[in-house]
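**Q** Quick one: the structure is below, questions incoming.
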Amino acid sequence: MSRKDLANAIRALSMDAVQKANSGHPGAPMGMADIAEVLWNDFLKHNPTDPTWYDRDRFILSNGHASMLLYSLLHLTGYDLPLEELKNFRQLHSKTPGHPEIGYTPGVETTTGPLGQGLANAVGLAIAERTLAAQFNQPDHEIVDHFTYVFMGDGCLMEGISHEVCSLAGTLGLGKLIGFYDHNGISIDGETEGWFTDDTAKRFEAYHWHVIHEIDGHDPQAVKEAILEAQSVKDKPSLIICRTVIGFGSPNKAGKEEAHGAPLGEEEVALARQKLGWHHPPFEIPKEIYHAWDAREKGEKAQQSWNEKFAAYKKAHPQLAEEFTRRMSGGLPKDWEKTTQKYINELQANPAKIATRKASQNTLNAYGPMLPELLGGSADLAPSNLTIWKGSVSLKEDPAGNYIHYGVREFGMTAIANGIAHHGGFVPYTATFLMFVEYARNAARMAALMKARQIMVYTHDSIGLGEDGPTHQAVEQLASLRLTPNFSTWRPCDQVEAAVGWKLAVERHNGPTALILSRQNLAQVERTPDQVKEIARGGYVLKDSGGKPDIILIATGSEMEITLQAAEKLAGEGRNVRVVSLPSTDIFDAQDEEYRESVLPSNVAARVAVEAGIADYWYKYVGLKGAIVGMTGYGESAPADKLFPFFGFTAENIVAKAHKVLGVKGA
């Protein structure tokens, strides 16, 4: 039995699964099988019986369409992925979806498919490994020591995100990040030389990567020597450029775009079996090949060795060991609830008129000392986003730091933070202007899809940004985030709601939270202790006239002040007015029906929503009989205090809308 036989097991399973599903991508798994065989059998440190072992190597398949490569590897090495699951490739409720998805399949470290983002996740994983090692490793006690390996294709390197993240990886000198470039020269449209003629080696050398120039990706010895060389380079990430043939083994489709994204066809699969010397029926793997691939015994020994290291570490450094375990398990500090609630109550008792971006920074200063797991950063807007707090230390200055200067890389930043979140041991936060979530949008969506624990700080949230004008003024962005499944948003109206938003964002384990913050100063509102508690429910009654409301005014963020002014005017007319603060629509929507009804009673149809964002979103709360004071187009370049009245954000306009809803004559 040869190494080719072991690699051919991957090729056969990949061909068979794609053929049975009548859907999928056989070419890349067949082309990268030899590389994967060497990496997984000779180098990868992992334990199939415990896929979450803290010190395992991380393997990322950035070209996620090649998912059958990964599923074949997981099945062959002994993960809980039986053959039946491979037969159900791309079928409903299988553990083998079309693209790898974290949480579905044991051993899958991240969800990949949108090209280039797996590479970004890998950079995040490598950052997390190095930072965690610097924070916890002690002389003679190295408990964090693993590599991050990432497979990528031509498409990954064409995507702009690859530039963002590989540039940063080189700047940070991530020596334990090793990339494998599947240079097969084929994409969906055909031979890439018509649209991708970059000198990839020079490109990555310019990023300060160690580049191992083109090796034969079908020569196991060349692959092995390249990996050994890459592992020996400690101060730079490494890229191994592997010349491969897409659809390797297919007599008529190898090296052609026909092998990329469609089944080979039964006749071609049979011919490929003959050419590869694989004389076994579909989905049949000989016992001796299973035995050669089985990584369970080796993995259990590796983990047991680490367990012994950790036991010695725990004996020598009990407090560090306890903290390491807490952070890797995602737990919160012991005094978290008591300390955060005390801070929130103190804010309410000491009113301040400040921007919510400043309130966010103040909250970081209050919560940060309790949370060494915070690993923050901004896309070159730290002085504006106010994401640097008194305990921030740049990773560039200190490997054990807690702050990343991401540069102008919004997309890369967000996807890197997803990788940091997946690694464990950290709660990443990222920041930019709300408008520039547009650059980061797909990574933000992926965070929600993957249930990544990332906090996104988006400041300058509206026309309140002012003079920079409509290119920088967010209008539809918040509504877009609110409409994203499993994406939590907070638009606080003052420092108290901002502190509650940060608290719940840190506590959320199953998805991202965006904090939508103002540039301009906002007045603090009065609250009772019960109202302070109800902020955490996403929406609550902030002001009430008593009795059944004649009209309900709903507001968020910077528009709360004028809404309260409008309520005073309406109350002066003898009307019962209720003001509802709705900083988090998703959290409010998740409350029980009784609570939601107590805040927004269904028998009160007269409602006006006020928010300096796109108006359409608010019809779900005001109904077709209600009114909205919101944006219906883009902003303008002018001082903020001129823009708000120009676009109708005044107490007088809210009153006028209320009159119309109430049917006041002449309104």
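Heads up, the Cβ atoms here are built off N, Cα and C, so glycines get one too.
What Swiss-Prot shows for this protein is this:
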- HIS25: site 'Important for catalytic activity' (SITE)
- HIS25, HIS260, ARG357, SER384, HIS460, ASP468, ARG519: substrate binding site (BINDING)
- HIS65, GLY113, PRO114, LEU115, GLY155, ASN184, HIS260, PHE436: thiamine diphosphate binding site (BINDING)
- ASP154, ASN184, ILE186: Mg(2+) binding site (BINDING)
- HIS260: site 'Important for catalytic activity' (SITE)
- LYS342: N6-acetyllysine (MOD_RES)
- GLU410: active site, proton donor (ACT_SITE)
**Q** Of all the recorded positions given, LYS342, ARG519, which has the fewest Cβ neighbours within 10 Å once its own Cβ is left out?
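**A** Selected from the recorded positions LYS342, ARG519 on minimum Cβ neighbours within 10 Å: LYS342.
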**Q** Spatially speaking, which of the binding-site residues ASP154, ILE186, HIS260 is closest to GLU410 (active site, proton donor)? Use C-alpha to C-alpha, please.
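**A** Of the binding-site residues ASP154, ILE186, HIS260, ASP154 has its Cα closest to that of GLU410 (active site, proton donor).
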**Q** List which of the binding-site residues PRO114, GLY155, HIS260 have their Cα within 10 Å of the Cα of ILE186 (Mg(2+) binding site), in sequence order.
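**A** Final answer, ordered: GLY155, HIS260.
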**Q** State the three-class DSSP label for the residue listed as 'N6-acetyllysine', counting H, G and I as helix, E and B as strand, and everything else as coil.
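**A** The residue listed as 'N6-acetyllysine' sits in a helix per DSSP.
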**Q** List only the single closest residue to LYS342 (N6-acetyllysine), chosen from the binding-site residues PRO114, GLY155, ASN184, ASP468 by CA-CA distance.
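**A** Ranked by Cα distance from LYS342 (N6-acetyllysine), first place goes to ASP468.
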**Q** Going by C-alpha distance, which of the binding-site residues HIS65, GLY113, PRO114, LEU115, PHE436 is nearest to HIS260 (substrate binding site)?
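**A** Closest candidate to HIS260 (substrate binding site), judged by Cα separation, is HIS65.
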